[in-house]
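Visitor: Okay, here's the structure, questions in a sec.
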Amino acid sequence: MTEGPSHHEHPFDWQCSDSVVFLEKGQALSLLKRPRRANKGFLEEMIKGNLERECLEEICSYEEAFEALESTVDTDTFWAKYQGNCAVNLGQNYRGKINYTKSGIECQVWTSKYPHIPKFNASIYPDLTENYCRNPDNNSEGPWCYTRDPTVEREECPIPVCGQERTTVEFTPRVKPSTTVQPCETEKGMLYTGTLSVTVSGARCLPWASEKARALLKDKTINPEVKLLENYCRNPDADEEGVWCVIDEPPYFEYCDLHYCDSSLEDEDEQVEEIAGRTVFQEFKTFFDEKTFGEGEADCGTRPLFEKKQITDQSEKELMDSYMGGRVVHGNDAEVGSAPWQVMLYKKSPQELLCGASLISNSWILTAAHCLLYPPWDKNLTTNDILVRIGKHFRAKYERNKEKIVLLDKIIIHPKYNWKENMDRDIALLHLKRPVIFSDYIHPVCLPTKELVQR
């Protein structure tokens, strides 16, 4: 008796013979046929919508996206959008790495406060990474960034728009104006014969022949070959800083703003000083006129509680190591009186610490210009805005019988201070309304020599 195939056997005839190895074409197609994806017509949008939802809910791969869309163009468009490499609507989705603005300015790092103070905290907005363009405030023109240009706070970035051949804003790089070489004065202005008659602070020069000017000049060594005409700025005493003139009020002598030719450091044939401690005992030659500079230069740097008592400062070695290229880590507190030239500048209202500074005489303080003038931070302070505290050791509390609180009557910012580009010549002088009295905790520091500065 012949039995038919069992239910475990294949549906086609179960025979093992040389003549039946492959199925007929029709039979094979009936077995291997699979339904095609319904990605045509009205179902296409539904599939794409499901894909986007799936990729948001779970991590998906490019291959999975391609399998669903079956088109390289559609997949590339979707993938750029999914990865955040192009902008959708206002570009809140953008997570790419473009870090320049529509005019070609490099973006500022979001966590940096220079040159602009950001209004968005990267810890609250975690997508504000590096200096990449983002849109944390739903800006109508799309992703933007704070710029590295102090004169431009923020600007939009040219981000590719998803599925379109354009960017959120047009990329139009700035054309830098051609720089012309400005004429300069040689020999520190000793050959200057121009008619400039205003100082760097805006004061009008007195005529050289006036009674007051002659009286103030009697102690100066004047080169008779320099013609002192009218009230024009001149350099009759070969001053290293350039031309100057006499003015009607203290400090009575002020420099004028001229552009001097730079001297090449390579041409300098002078002995370079070695770095020593903050104070050294050696013959000291004064440079400034005490009438205008004030007192203290001849005795600068010799601290009353240390050098004058021949006591070693415990932090001196640590400080010297840092000068020689080392690094201070977990440093100790400074000893009382170890920096008697240290000055703290406070803003009067609201009262806050502005900057540190250095006492260089009983009448003058040296500080950084950006502490007083830096427009990107809305900073443009006057003498009425600042309170000076000298002789402090502890920052927070008032130190009776140690510190002095004094006012200012003049601020002189270097005339070529360049806050717009590179912060060159970031230096300023502050004149005390009344000279401060020196003590164990208040004493001036020495200014470096020209040779040391040029190193």
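From the backbone N, Cα and C atoms, a Cβ is placed for every residue, glycine too.
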Visitor: Using the record from TrEMBL, pick out the residue from C184, C205, C300 that is joined to C261 by a disulfide.
Guide: C184
Visitor: Quick one: DSSP breakdown of the domain 'Kringle' (85-162) into helix, strand and coil?
Guide: 0 helix, 14 strand, 64 coil
Visitor: Taking 10 A as the limit, how many CB atoms besides its own sit near the CB of C184 (disulfide bond)?
Guide: 11
Visitor: Of all the disulfide-bonded residues given, C233, C256, C261, which has the fewest Cβ neighbours within 10 Å once its own Cβ is left out?
Guide: C261
Visitor: Cα-Cα separation of C261 (disulfide bond) and C233 (disulfide bond), in Å?
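Guide: Cα to Cα, C261 (disulfide bond) and C233 (disulfide bond) are separated by 17 Å.
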Visitor: Summarise the domain 'Kringle' (183-261) as counts of helix, strand and coil residues per DSSP.
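Guide: Reading the DSSP string over the domain 'Kringle' (183-261) gives 10 helix, 13 strand, 56 coil.
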